[in-house]
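If you check TrEMBL, you get these features:
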type	residues	note
ACT_SITE	B:53	active site, nucleophile
BINDING	B:111	substrate binding site
DOMAIN	B:6-105	domain 'Pseudouridine synthase I TruA alpha/beta'
DOMAIN	B:144-247	domain 'Pseudouridine synthase I TruA alpha/beta'
């Protein structure tokens with residue numbers, strides 16, 4: 001078997017998420033359907049770097065899969081791109097060694113989270129940014145967001161009942177800026193891994209801090225207490241983008 | 001009766017256009033349905049500055065309508081905004097004099113046209129930009145676009161069979177730039193009025209010039225010959241935005 005790594009982008013609006021579910025349309029299933037066609041009807045299993053949730057978008061999701069023969073990379077990319085639904089695009093494909101695994105190889109992920117703080121909102125962006133119609137002091141968020149940097153136990157920022165045991169993760173980059181053109185807030189987070197709903201919970205908390213309904217010290221408080229009840233609400237998935245996955249070998 | 005002017009934005013994807021049609025969902029009809037509810041069930045007629053086509057978006061469409069009583073402007077805006085479908089937003093409402101007419105009062109309109117020249121395209125923008133997957137030399141377009149400025153007979157750039165007799169229009173601004181962040185082409189056109197499909201035909205022609213399949217002199221040739229057959233194809237409506245309408249009194 002020959003292993004291929006692909007970088008894909010997708011509009012998460014009409015998907016139940018990346019991962020195959022018993023009900024609903026998933027990115028994984030759509031890619032597997034197309035690859036089966038390109039593989040003489042034989043099933044192909046797709047593995048993704050991150051399991052994006054329903055409504056979450058990707059500019060740089062990474063997947064891998066195996067095919068029985070060597071293919072021309074650009075022809076394979078073109079076939080997978082044009083034969084997949086129009087809300088999935090295939091940016092690049094390259095052959096990789098058999099021990100490459102999109103999910104288990106060490107990597108750094110970067111996510112962006114877009115918040116439309118305009119009143120009224122931009123209707124063109126209603127599926128592509130989370131609307132927050134309250135006043136926001138960006139400087140307060142910029143001060144608070146620094147507390148997320150580094151290695152922490154993020155129990156307080158993950159969904160209750162998550163089965164993962166080790167909730168220690170490292171955030172290597174955390175920032176927020178105001179996009180000059182749109183006036184939207186753009187949050188950027190990079191790290192070696194994120195817990196279920198972690199980014200959406202961090203953003204929900206940071207927005208409450210920016211709105212003055214939680215103190216700047218709240219991030220520290222949630223981290224120390226490891227208590228989800230101290231954090232803000234979960235921000236909607238439609239603002240979240242998996243921007244880039246960089247594997248350690250290529251860092 | 002009291003006349004109100006409203007500035008609205010909408011996502012044109014799921015509309016047959018601004019204007020009411022015998023079949024399909026129009027912006028005008030949706031606004032009229034909401035205004036009827038806000039007007040104790042009495043019908044209200046909405047007039048728009050521009051008849052945007054199916055799939056065409058607006059950030060600054062202007063409409064006017066009459067109500068029997070004076071209303072608080074912000075309450076009226078809030079009611080019309082929140083009770084209209086989520087792909088229409090109401091940016092502002094103000095009371096105007098009885099002789100204001102969104103369409104017939106002299107005004108300047110500004111349109112933007114977004115072209116995704118990336119390969120592959122951005123799936124998040126598939127309804128919000130026209131994808132042009134061929135090489136484009138922006139400098140050639142910048143040279144050719146100047147020929148559109150000023151007063152011309154735009155017969156060669158309108159749809160064949162248009163019932164409007166006078167096809168002389170004035171373009172006061174015409175430019176193209178590359179958006180640094182997205183890499184998209186952004187065309188901007190301002191003028192006192194545009195013919196049916198004029199902007200989409202101008203953009204289709206300019207893209208062919210940028211791609212080297214028509215000479216830079218082609219704009220001049222189409223204007224002089226007044227022949228639609230000399231122009232390029234009609235660019236898809238999904239890249240077009242009605243950006244702003246400015247009335248002469250306020251210029």
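Positions of Cβ are set from backbone N, Cα and C atoms, glycine also.
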By DSSP, what is the split of the domain 'Pseudouridine synthase I TruA alpha/beta' (B:144-247) into helix, strand and coil residues?
35 helix, 30 strand, 39 coil
Residue pair residue B:53 (active site, nucleophile), residue B:111 (substrate binding site) - Cα distance, angstrom, rounded
13
Inside 10 Å of the Cβ of residue B:53 (active site, nucleophile), count up the other Cβ atoms and send me the figure.
17
On the DSSP side of things, how many residues of the domain 'Pseudouridine synthase I TruA alpha/beta' (B:6-105) fall into helix, strand and coil, could you say?
26 helix, 30 strand, 44 coil
Which residues of the same chain, at least 6 positions away in sequence, have a Cβ lying under 8 Å from the Cβ of residue B:111 (substrate binding site)?
B:188, B:189, B:190, B:194, B:199, B:240, B:241, B:242, B:243
DSSP three-state assignment (helix, strand or coil) for residue B:111 (substrate binding site)
strand
The domain 'Pseudouridine synthase I TruA alpha/beta' (B:144-247) [mean pLDDT, rounded to integer]:
95
